[in-house]
Amino acid sequence: MALWPPLNSGMLVRTGHTVLTWGITLVLFLHDTELRQWEEQGELLLPLTFLLLVLSSLLLYLAVSLMDPGYVTTQPQPQGEPKEEQAAMVPQAVPLRRCRHCLVLQPLRARHCRDCRRCVRRYDHHCPWMENCVGERNHPLFVAYLALQLVVLLWGLCLAWSGLQFFQPWGLWLRSTGLLFTTFLLLSFFALVVALLLASHLYLVARNTTTWEFISSHRIAYLRQRTSNPFDRGPTRNLAHFFCGWPSGPWETLSAEEEEEGSSQVV
């Protein structure tokens, strides 16, 4: 019998993120940065604003990592024949597939995540830093988190730079500024990664596609026979639908509408 309960990987990742976030913030306050100078001069507006942004980014991170990303639930089959409007919403050209892992009927754009062991609607990817999937329900919050986190990282980068002192003997510099310089390098790396992630996700959202669809379109049944994205309604409408709330309608319906528009243009 185990003396300790098994460690939850999600709890470890979230605890590590929280400790790292407040640890970096503490370093910026303890060293001779603009943040500390503002505090000593009694100018508390900017330090409090920075702390509020850090706290907001942390709460948003926890919200995205803990919320349901859009798991596909088992729904009972309706009694008798389906209603006419329900049948029209799922055309025969786009049959629903049963997941061979969890045995649920997968809506269009859903995928089974082996890490979460669940099917996720409009699956984008499984984020190891969140220890959660990014899907239909939490993808907008995920992009908002990336934007806010980038602001915090860039501001923290400027604050760390303001406290670096280069004109000192090597030994003295290492003792007084070594930890701050390490923090500066960490912030630089994280800012670059988050900026690239934010840019790529905004690009994909503007095209109404997901990371999984973008990378694996040649293997996805509803995309490999097409020359264009059946869900793309133009950048403005795609962004509006994404940030103003899901769902914008069953994806099967949008796919069918795209086919009808294409056939009418040919005629």
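Keep in mind that glycine also has a Cβ here, set from the backbone N, Cα and C atoms.
The following features are taken from Swiss-Prot:
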TOPO_DOM  1-9  topological domain 'Cytoplasmic'
TRANSMEM  10-30  transmembrane segment
TOPO_DOM  31-43  topological domain 'Lumenal'
TRANSMEM  44-64  transmembrane segment
TOPO_DOM  65-140  topological domain 'Cytoplasmic'
DOMAIN    97-147  domain 'DHHC'
ACT_SITE  Cys127  active site, S-palmitoyl cysteine intermediate
TRANSMEM  141-161  transmembrane segment
TOPO_DOM  162-178  topological domain 'Lumenal'
TRANSMEM  179-199  transmembrane segment
TOPO_DOM  200-267  topological domain 'Cytoplasmic'
Set of same-chain residues at least 6 away whose C-beta sits under 8 angstroms from Cys127 (active site, S-palmitoyl cysteine intermediate): Ser65, Cys133, Val134, Phe142
Long-range neighbours of the transmembrane segment (44-64), counting only residues six or more past its ends (CB under 8 A): 14, 17-18, 21-22, 25, 29, 35, 38, 130, 132, 134, 138, 141-142, 144-145, 148-149, 151-152, 155-156, 159
Summary of DSSP states over the topological domain 'Lumenal' (162-178), given as helix, strand and coil counts: 11 helix, 0 strand, 6 coil
Long-range Cβ neighbours of the transmembrane segment (179-199) (under 8 Å; 6 or more residues past either end): 24, 27-28, 31, 33, 143, 146-147, 149-150, 153-154, 156-157, 160-161, 163-164
Residues of the domain 'DHHC' (97-147) by DSSP state, where helix covers H, G and I: 9 helix, 16 strand, 26 coil
For the topological domain 'Lumenal' (162-178), sequence-distant contacts whose Cβ falls under 8 Å of one of its Cβ atoms, 6 or more beyond its ends: 28, 31-34, 36, 184
For the topological domain 'Lumenal' (31-43), the mean pLDDT of the predicted model: 90
DSSP residue counts for the topological domain 'Lumenal' (31-43), split into helix, strand and coil: 7 helix, 0 strand, 6 coil
Beyond the flanks of the topological domain 'Lumenal' (31-43) by at least 6 residues, Cβ under 8 Å: 50, 158-160, 162-163, 165, 177, 179-180
